[in-house]
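**Student:** Found this in TrEMBL, in case it helps:
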{"type": "TRANSMEM", "residues": "A:21-43", "note": "transmembrane segment"}
{"type": "TRANSMEM", "residues": "A:49-69", "note": "transmembrane segment"}
{"type": "TRANSMEM", "residues": "A:76-94", "note": "transmembrane segment"}
{"type": "TRANSMEM", "residues": "A:100-121", "note": "transmembrane segment"}
{"type": "TRANSMEM", "residues": "A:128-149", "note": "transmembrane segment"}
{"type": "TRANSMEM", "residues": "A:179-203", "note": "transmembrane segment"}
{"type": "TRANSMEM", "residues": "A:224-244", "note": "transmembrane segment"}
{"type": "TRANSMEM", "residues": "A:256-283", "note": "transmembrane segment"}
{"type": "TRANSMEM", "residues": "A:295-319", "note": "transmembrane segment"}
Ligand SMILES: Nc1ncnc2c1ncn2[C@@H]1O[C@H](COP(=O)(O)OP(=O)(O)OP(=O)(O)O)[C@@H](O)[C@H]1O
Ligand SMILES: [Mg+2]
């Protein structure tokens, strides 16, 4: 019986989609702890990658849920600057109340998400293509509107102390408050995916859309909701960045597209859907950010970071694949069955 | 066994189903009664899956009506049919390879427990019910609800999908080619499940391409040929040969079938179909 318990726990480890990402995180952390100077392990070192992780993580979480549901969203790359600009133009350039600017930016996020979801359902075209379309459309719209309205591509905005403190400030001078928003987001979405019935629907939707629909899941509402969530989160990050830096630029966000996908995939989410965890996405985001920032604490050429991220992504995917295979073939009573047969 | 004075549980009246200009079902009228197995037969592409999708709320009929207990009903989505006690295992589907047994079993009808003000998925309960539901059907190898579906054999997956349908199917159980991918023993299990469901008073609609399976469990047979109802008869009204010919879909096939039959079988059986025991290989 005790042997059986042990097997079960091994099984439950192997079955967790984030097992690979734990290994990846430990590996890169040790790598930079060894090769980085002592500052990597200091509070400032931790802050440098945590700040990056938080900003990417807020978008990577809903993008990960979408991927688990079998969809992709790359329009976040232009959603982030678009919402920054909407906020800065409303509350900075036109000096509207701060709440109006924030609300306008977030509502635009919801709207674009709704359009992404609706078009994906309506046209049957893969969401990669649909969101590629909205990526360009939103980018073009942002540039045109900001030049037309303000005559520039960079707008300053000052936020009142309360907004600054809750949305875009540093704690102890080094940690962005965004880190708390990221944690909150991880808890909320972790609850949704793993503990609420909706999480089961998301897994089913990504596993087999047809069967999910036949099982009575409101697949259309769910798809639109998830797209709205990811665009909303991107808009939130855009507003957050504008508050933090007291300004917004038209061209800041394209790097988020690939960065979020790397975080999610390193975190053990299956690109084709149906498999993944929130803990995995969080770990993947941390791994990515450690490599992204840790390189500056080493004596290596900073350009090597991309190489490491590339290799890491491939390694993580291969490792996650083999863990998934083990999870599938894992049967707790195998040894017992064999013993029975031998008798 | 069935009570003809009561209205049929489920009835189709002059149902047509078209996809754009393509008419897949033409003027179908059918009745299914409590405690009765309706075998839906027909060649590939005859429209069997389309017919049962119409009954389970996946498609709405283009024309005609569906009656439940004699009352017209409209199923706008699969959930509507489920809520009325119609439970379906679709061809090639129903399970999710990368989900656990417990989670997959309860997709769309998740059991929840209270956690403070929140409702959380009750994993323990889901696993227990799922495991005991499959074990009831003789698949005792499945004993851990956390196992992933993708690690099960085809037969185990199919049994799980059927156990799920039986668990939630209060009144009508619809199985689309449940024995297609199964070995002899697993197919026998499925047939036993069908008979058990009938004994419990459910109406069962059973699609198969195998004459033996149809004859073993069917009380009532309906044959579709190119979307139209070509024959609708009760057990004992037609010979096995006639049924085989009908299942093959047409006259030209019937001759070929007979040739093969004559070639294989020295003394072709001509007496009307009898109520056969539920397959001999399962008797242990
Ligand atoms: N969504 C759809 N749109 C257009 N045509 C369809 C659709 N679904 C089915 N058909 C067509 O309807 C016909 C009947 O298909 P159906 O799947 O009902 O056949 P079937 O009797 O279940 O066949 P099989 O025994 O191979 O499962 C086929 O010619 C198919 O191409
Ligand atoms: Mg079919």
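Cβ coordinates come from backbone N, Cα and C, glycine included.
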**Student:** Quick one: do the transmembrane segment (A:256-283) and the transmembrane segment (A:21-43) reach 3+ CB pairs under 8 Å, ignoring pairs fewer than 6 apart in sequence?
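**Tutor:** Touching, yes - the transmembrane segment (A:256-283) and the transmembrane segment (A:21-43) meet the threshold of 3 or more Cβ pairs under 8 Å.
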**Student:** Using Cβ atoms and a strict cutoff of less than 8 Å, what residues sit near the transmembrane segment (A:295-319) while being 6 or more residues removed from its termini?
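**Tutor:** Same-chain residues near the transmembrane segment (A:295-319) but 6 or more away: 20-21, 23-24, 28, 32, 35-37, 39-40, 45, 48, 262, 265-266, 268, 284, 287-288.
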**Student:** Please report, as numbers and ranges, the same-chain residues at least 6 past the borders of the transmembrane segment (A:49-69) whose CB is under 8 Å from any CB of it.
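**Tutor:** For the transmembrane segment (A:49-69), the list is 76, 80, 127, 175-176, 178-179, 181-182, 185-186, 189, 192-193, 202-203, 205-206, 222-223, 226-227, 229-230, 232-234, 236-237, 240-241, 256, 259-261, 263-264, 267, 269-271, 273-276, 278, 280-282, 284-286, 288-290, 292-294.
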**Student:** Take the transmembrane segment (A:179-203) and find every residue of the same chain, 6 or more past its ends, with a Cβ under 8 Å from one of its Cβ atoms.
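**Tutor:** Distal contacts: 50-51, 53-55, 57-58, 61-62, 65, 68-69, 212, 217-219, 222, 226, 233, 236, 240, 274-275, 277-279, 281-282.
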**Student:** How about long-range neighbours of the transmembrane segment (A:224-244): same chain, 6 or more residues beyond its ends, C-beta under 8 Å?
**Tutor:** 55, 58-59, 61-63, 65-66, 69, 71, 73, 75-76, 79-85, 87-88, 101-102, 105-106, 108-114, 116-118, 120-121, 127, 157, 159, 163-164, 167-169, 176, 178, 181, 185, 202, 252-253, 256
